[in-house]
Each structure stands twice: as structure tokens, then as C-alpha cells.
Protein chains: 2
Amino acid sequence: MAVNLYIPPESNIFTVAGIEIGTAEAGIRKANRRDLTVFRLSEGSSVAGVFTQNRFRAAPVQVCEAHLATDQGVRALVINTGNANAGTGDSGLHASRETCKALASLLNITPAQVLPFSTGVILEPLPLDRLVAGLPAAVDSLDDNNWFAAAHSIMTTDTQPKIVSQRVALGNKTITITGISKGAGMIRPNMATMLGYLATDAGIAPALLKEMAPDIANRSFNRITVDGDTSTNDSFIVMATGKSGVQIDSKSDPLYAQLYAALADAATELAQKIVRDAEGATKFMTIQVEQAKTTEEALKVAYAVAQSPLVKTAFFASDPNLGRILCAIGYAGITDLDVSGIKLWLGDVLVASKGERHPDYQEADGQRVMKEAEIVVRIELGRGDVSDTVYTCDFSHEYVSINADYRS
Amino acid sequence: MAVNLYIPPESNIFTVAGIEIGTAEAGIRKANRRDLTVFRLSEGSSVAGVFTQNRFRAAPVQVCEAHLATDQGVRALVINTGNANAGTGDSGLHASRETCKALASLLNITPAQVLPFSTGVILEPLPLDRLVAGLPAAVDSLDDNNWFAAAHSIMTTDTQPKIVSQRVALGNKTITITGISKGAGMIRPNMATMLGYLATDAGIAPALLKEMAPDIANRSFNRITVDGDTSTNDSFIVMATGKSGVQIDSKSDPLYAQLYAALADAATELAQKIVRDAEGATKFMTIQVEQAKTTEEALKVAYAVAQSPLVKTAFFASDPNLGRILCAIGYAGITDLDVSGIKLWLGDVLVASKGERHPDYQEADGQRVMKEAEIVVRIELGRGDVSDTVYTCDFSHEYVSINADYRS
């Protein structure tokens, strides 16, 4: 049911020199599914991460941050599905640390060189024994060709694997960027049950990568929303192995801008794939707010529209009930908003201006746009020159079914 | 499908001396339904109102505020369903003013003594001719016994009429309080497609009533949420005719506190009825936040929980997926929240403490509470001594159906 979610053929997935991936069935929650994924990174790789802003940060998120802070150089990631190890207190932290210890010993590295990730049900103890018992099989299967398998094995309520892969000419060399993501609900700014892993064989100085990671997240994973829920486990990791021979150490490098844009584009594609595969989604909507005074107010309006259940159900019904969009703009929290300065476009159709329906607007035109699977809502606020964009989806019966049944 | 919504027998609805009500079929949107309601108030009545904070304020809301500001003394209300006259610009304002003028001429009062209200589809022109043509029939039917008819004729997607009526001993006299409300979706703080009319035959000085109205709204209509959408038309009106002989002119009157409490209780009951009849609701949830530092932070947490689609779908499924509640508390926006100080209760069951599942918690206990139609979620934040409460409902298939089909 995903909306125009492109799954590249396996032959178009480029390996990233310096990265191997292994998967295994650990039976974390259900039997007979690959629920454990291990990444091994070559020595000298740079790694940076962006994590959830939920105050209930899951145990693995806390351990990730602690391990990154030791600056020992990340050499491995371990990801389990089926259990988020969130709301699990000290025993959850212990389980997450033990997971790192077990993988470190198999790979002959230190525990602080391992970053752990968990996704799934929260408030349930992580079955540490089963997880650790599954690690040797995952390590045995390490191979640089396993990106596709990993895109599958990190899925939870996702219906499709999410993967991007591209080669980019940088100066006189070519670099590779390949990434995977997962997430289908509980998705909103500052991420969600969202995991994203983006790797390149370009070399990037650790300090620079640390600066780039939040910027990339703000252009991609922090611009999507499904249901406004932000999870306890969101994590986005960028890895740079340096194996391509390209090395970027500062923003003043003439190749920096190109590298940044390529990584941000790949991250945006991964983020959009999450919306395309959102729980129950039948439409992909781009909410573009223009002429705002500040980014903050552009985003307030974009999220008010993108998160309104009434707007989302109207899109599900292909009903150009555009008053619901105006209504959401009105309660977005801009207290001095002059509604007479607003223009609202649905695709190429000018729907409203001066606080009312545009005189030339015909319902048939609105209907035509609403029937598309991809819809751009453009809002001109008439207050300034700042623009921002949020991606979202509609709200369907299927969403309720999936979330009412998730644990049964 | 409403949740425990009590409809008193018609014999228990007390008339309010000084208030007559008439209804009519004006064919605003659909034929053969009473969609027009008129209130006539006796001379000398005090009237105060609280209106939507949406920046797109519908035409009737703007006219109400302007008319109240003239201080000519309100003598009539006119309410239509089928069309909200919102997002209709200058022509909408004109239509709303003409409505008042037409009713004023029929009742021999001034247009500024009339308050107009509209609810229904937005961004469509109000069919002024049909509305005005319906007024004589509504006026002809004016009668103090029409509260029940009015509770019906202001309904839109409501499945049940919402009405409260009580007699309260005040000193050595008895006063009557009777009220009606409507609204089923697009309901949240600062009200929604919410109309509420509360009348008493107590006399209240105009300046005092103006002070009381927002306080009453904050204890009732501003503490409910269905889907987080705030409409363009929300209005809450309190009317005091003085016909009982009781007259309260200041807060220092020994009877004031009792009168205030009686009015606030009636308003709370009217507000809760809206949640009980919310679109698709199968459960009525009370979200009680305690030990907050401020009211603002108590409400942030209460609304984050009450508006999370994931929490709401879990309640629909009677699934004690309480991690979703913790998650919502975590993203409520209290940036220095220490989750280890939080306690979460589901009914009488302590579910979580110290950032994790409580050791004594049994899933069966959670399940037992979740199966009830009325559920109290109690959250102790461990930060201060401020409490606040929000009322909400679950999120079902029916909600999506109703909102996807509303205009078809």
C-alpha cells in the first residue's frame, strides 16, 4: 500500500567499501524473521549520530551517546527489532551494554566502539539472552553485499524495505553513498520510531561529520510527520569510511558543498520513503510554507496542516475540503497572523486568498488535484521571505487497524 | 455509539424564565431537518461569550464580538447548522450582519442586540436567502419549553443531543440552570466546532458575568480534546436573565461561589458530553496530571497524551500499550523533565515508576482497566504541586469514516 515507494533492483545497490553487514534470526519477539542486524566498519571510519529528543530516551540511545562521547572510534552497530528496550530503566541500560560487550568480544573491539539500536514494543524487557545468542550467526554472515538484507531486517510495521544507493563524481574521483531506513508510524519532527543509516566511502573528518549530521537530519528526517508522535528510540547515523580516497576535512574544501548536498539528498530520499510507506498511507503530501517571517513559524504552519487529523482524513477521501487546511493554518499558533494576506494553493490551483475561497476556484479543479497520489499544498503567508517544507501522508482506516492491532 | 452520554428525560428539563427558543427548517444544506434556532432573551438579561482563538475567525464570531462590544444588551441569538460561514471574507460578514438585521426586525430590537452563530462546512458561502426565509417560522415557534428541540437543531455530526438542566438552592431561593451544546470532532482547547449555551434565571451583573465566562470555559470547554483541531467558529455563551429574583453583582457576595460552581459544573457536563459523543468514540478518558510545576506544563503533558493517535488507537483496541503514554509524556515539551520521578497510573493500577514498568505491574491488571468504557489515566510528574485535567476519547475506524465522508 506504500505510495510510489521506489525499491531499486538489488543490482543497483552499491556496496560501500569499509562496511560489512550481517543479519540473523534471534527470535526477539517472533520466530522465523531476521530481527538482528550487525554493521562492521573498517578502522578509521568517522561516525556521527542524531538522536530522539523525547525525554524518555530508550536505553540504546543513552548507550549510543555515551559510547560516541568516548571518541574511541565506532567499529560496529547492532540493531534489533521486536523490542525497543525503552521504558526499561537500569535493567534496560544493562541489557544494552551487555549487547555491546558481547558483540565487541566477537569482533575483537572494545564495547565503547559498538553502537546499539532497538526498535519495537516499549516498556517490555529486552530478551538479552536471545539477542546475544543470535550475534554469532549475524557476525558469520558479515558481507559488504548485505545492504538489501539489512533494509529488510530492520523493518517493523514497514511494508517495504527502504534503501537508496548512488555514485557521485567528486572532483576526479567517484564516491558511493548507500543508506537504509525504517519507520512507518510514530513519525514526526525530531524523528520517531525512525532508524536511518547512511554510509559513504568518502572520508570526512570526525569533527566535521559531527557538525554535518544534525544539519542533514534537519533537511530530511526532521521534516517528516506521520502522526505527530516522536518515539523514544529515533536514531540517525552517518558513517564515512574514507575508502574511496576522497577526504574532506573542513567546510572550506571546494568539494564540501557537493558532498553535503549528496548526503542530504540521500537522507531526504530515505526520510520520504518512510512517509511513502507510512501506516495506512494512500497519499504523499508535500506541505510547502512560503513567505514566513522565520523558519519556526513556517514549520508551525506546516506541521499544523500536516498533523491535522481532519486534513489527513480529507486527503484520504480525495475531498477538496480545503477549509480544513485554512482552519489548521489559523490555529498553528501565529498569534498576529493576518489571514487576509494568505494564499493557499493545491497543486497548481489557487484555492483561497484574502481569507476566503478564491473567486476563480472551481471544486472540479480541487478534485482533480486531490485524486493524485502525490499532492503539493503550498501556503504563502505574506509575512516574510522564509520557506520550509514538511512531508506527510493521509490518515486512513488502515492506520487505525495497524495501530489498534500492533501488539495482538 | 456515544459513551455513557446521559440524555435526561424531557420532563427533567427545566425552562429558564426569560428565555424562549424557536426552531425551523431553513434548508441551509439539507432539506427536512431543523437547522435554524432562535433564542429570545427578556430585557435586562446579562450575556457574556468566549470565542475561538483560531486566527481564521468565522464571520459570525467576528460579528458576535462586535455586537457584544456595543453593550446594547443582547436580546436574541440565531444559530444555523449546515454552513459555518467561515473563510468567506467580506461577503460572509455581510451575510452574518444581514441575518442579525432580519431577526432584529422580526423581534423589534436592534441588530447589535442579536448574536449570530454558524456551524458546518467551511469555505462555502452562507445561503443567506434561505436562512432569512426560515426566520419567521423559527420566531413563530418561540416557546420557553423548546430546550430539547434546540439541543437537536444545533447538532451536526453529533449523534445525540447534549443538554443539562438542574435546580440549585441559592440562599433561600431556587435558581435554574439549563444548557445545551454541540460538537463531535475538531475539538480541542480553546474550543472547536463547539457551540455551548448556558442559561440561568439568576441575575448576574454584566461586568461580573464577563469575568466569569472565560473562567467557566477554562474549567470545561477548554479542557476537552477529540482530535486536536480547533475550529473557526467555537463559541460559548452564558446568559443570566435575573427572573428568579436572585441577583449577584460581585464576587464578594456570599452566594457567588455557589453560583459559580453550579454554572461551571453544568458547563463541564456539557463539555464532557461532547467528548462522550465524539466522532467514533468508544471510550471516555480522563487524563489527570499531578505534581506539575505550572498549569502550563500540566496541560502540555495532558494534551500530548490525550492527542497522541498512538495512545488513542491503543485505547480503542483496549490494549494496555502503556509505553505509548510514557512516550507521549516524553515528547510533551518539558525539556528538563526527569523521567525517573514520574509515576503512571491506569485507573487504580500503578503501571510505571522510575522510568520503567513497575515491578508489581501485571498485564492482566492493565487489561482489566482498558476494557472499561471510562478510564482515568493519572500521571504524577514529581516536580511541583499543580494539577490539571483534560477529557478525551479514543480513536477508531469510525472517526476516519465520519471525517472522510463528511462532505459527500
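Glycine is treated like the rest: Cβ placed from N, Cα and C.
Curation does not apply to TrEMBL; its annotations are automatic.
Residues or ranges marked as active site, nucleophile in TrEMBL: A:THR193.
Taken from TrEMBL, the feature substrate binding site covers A:THR156, A:LYS182, A:THR193, A:GLU279, A:ASN403, A:SER408.
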Which of the binding-site residues A:THR156, A:LYS182, A:GLU279, A:ASN403 have a Cβ less than 8 Å from any Cβ in chain B? A:ASN403
Looking at the binding-site residues A:THR156, A:ASN403, which sits with the largest number of other Cβ atoms within 10 Å of its Cβ? A:ASN403
DSSP secondary structure for A:ASN403 (substrate binding site), reduced to helix/strand/coil, please. helix
Near the Cβ of A:GLU279 (substrate binding site), how many other Cβ atoms are there if near means within 10 Å? 28
Helix, strand or coil at A:LYS182 (substrate binding site) [DSSP, three-state]: strand
Determine the Cβ neighbour count for A:LYS182 (substrate binding site): the number of other Cβ atoms within 10 Å of its Cβ. 28
